[in-house]
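Colleague: My questions all concern the structure below.
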Amino acid sequence: MLTGIFFFALNDALGKWLVATYSVGQLLLIRSVAALVILVPFMRGDNLRAFRRMPRPGIQLLRAAFATFEVGCFYLALAYMPLADVMTFYLAGPIYVTALSPWLLGERVGWRQWLAVVAGFAGVMIALNPSAGSFTPAALVAIAGSLSFSLLMICTRLVRGTSDLVLVTTQTAGALVFGAVTAPFTWVALDMRDALLLALLGATALFAHVCVNRSLKLAPASVVVPYQYSTIFWAVILGFIFFGDIPRLSVLVGAAIIIAAGIYIFLHERKTSKDLALIEPP
């Protein structure tokens, strides 16, 4: 799990560096092509038949749309905000899932969970540090992306019988379509180094997914899932090393509150045997 989360954070730092030069559409297009090149050899036999038996295709399409929107918002926000700031907003995704689940999933949410949700929202507001100057377009994009991230997780719950390969492939295909439509309007000529780095985005993200999924097979979710919150540690470290970013105190305090609320909700869901929502960063 820790290896997977580290590579997710490394992937995000690489994306932040590249999005300073290339548009979000171009980044997603090349990243998605690289990921599909790796995925295609696995699409045979039972894996290929899984695509034909894909349950609830309408929800699958909606899930791909939410995934594309949230990753687009993520990289767009990274172009203007520190890595740790953007990641803090995305850590609130499972809290939004809890808040939306009574209406979208028909799940009962107890008063203790609602208190955790309120605490999580408070953490988001503290991290945002509300003032006339803090509600920047980039911050609003990050919040919109984190909300879309929560809707992605809800859709994933609704199609939980779908194979991992189908989920990853449809998610990647959505980003590919978006990139193919938008990238030509803002295309920047690539040199060989940047082309390889853009392709590396897809490869490292897939490797991180493999590590996370493998950890869940080797140990109970209750043991490994809390380690996903180490992503904020890596975001702070990598942001400082590569971009000289020093997170504001309000971001660190807000992140701590969001993490505490998220872990409480996770532990409560484990006790009540609900589906566990795993954060898989963009």
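Backbone N, Cα and C define each Cβ position, glycine as well.
For reference, TrEMBL lists these features for the protein:
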- 2-127: domain 'EamA' (DOMAIN)
- 25-43: transmembrane segment (TRANSMEM)
- 64-81: transmembrane segment (TRANSMEM)
- 87-105: transmembrane segment (TRANSMEM)
- 114-132: transmembrane segment (TRANSMEM)
- 138-159: transmembrane segment (TRANSMEM)
- 138-265: domain 'EamA' (DOMAIN)
- 166-189: transmembrane segment (TRANSMEM)
- 195-212: transmembrane segment (TRANSMEM)
- 224-243: transmembrane segment (TRANSMEM)
- 249-267: transmembrane segment (TRANSMEM)
Colleague: Hey, which of 25-43, 114-132, 166-189, 195-212, 224-243 has the most Cβ-Cβ pairs under 8 Å against the transmembrane segment (249-267)?
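Modeller: Counting Cβ pairs under 8 Å, the winner is 114-132.
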Colleague: Per the 3+ Cβ pairs under 8 Å rule, pairs at least 6 apart in sequence, do the transmembrane segment (166-189) and the transmembrane segment (25-43) touch?
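Modeller: The answer is yes, given that the two segments have at least 3 Cβ pairs within the 8 Å cut-off.
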Colleague: Grab the same-chain neighbours of the transmembrane segment (195-212) for me: Cβ-Cβ under 8 Å, and only residues 6 or more beyond its ends, written as numbers and ranges.
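Modeller: 1, 3-5, 7-8, 10-11, 14-15, 18, 22, 26-27, 30-39, 164, 168, 172, 228, 278, 280, 282.
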Colleague: Can you tell me which parts of the same chain pack against the transmembrane segment (224-243), counting only residues 6+ beyond its ends and a CB-CB cutoff under 8 A?
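Modeller: Same-chain contacts beyond the ends: 1-2, 5-6, 8-10, 12-13, 16-17, 82-84, 87-88, 91, 212, 215-216, 218, 252, 255, 259, 262-263, 266, 276, 278-279, 281.
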Colleague: Counting only residues 6+ away from its ends, which parts of the chain sit with a Cβ under 8 Å from the transmembrane segment (114-132)?
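Modeller: Result: 85, 88-89, 92, 95, 98-99, 139, 143, 248, 250-251, 253-258, 260-262, 264-265, 268.
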Colleague: What average pLDDT is reported by the model for the domain 'EamA' (2-127)?
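Modeller: That stretch averages a pLDDT of 91.
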Colleague: What same-chain residues lie close to the transmembrane segment (87-105): Cβ under 8 Å, and 6 or more beyond its ends?
Modeller: 9, 12, 74, 77, 113, 116-117, 120-121, 123-124, 127, 139, 142-143, 145-147, 149-151, 153-154, 157-158, 229, 231-232, 235, 251, 254-255, 258-259, 261-262, 265-266, 277, 279, 281-282
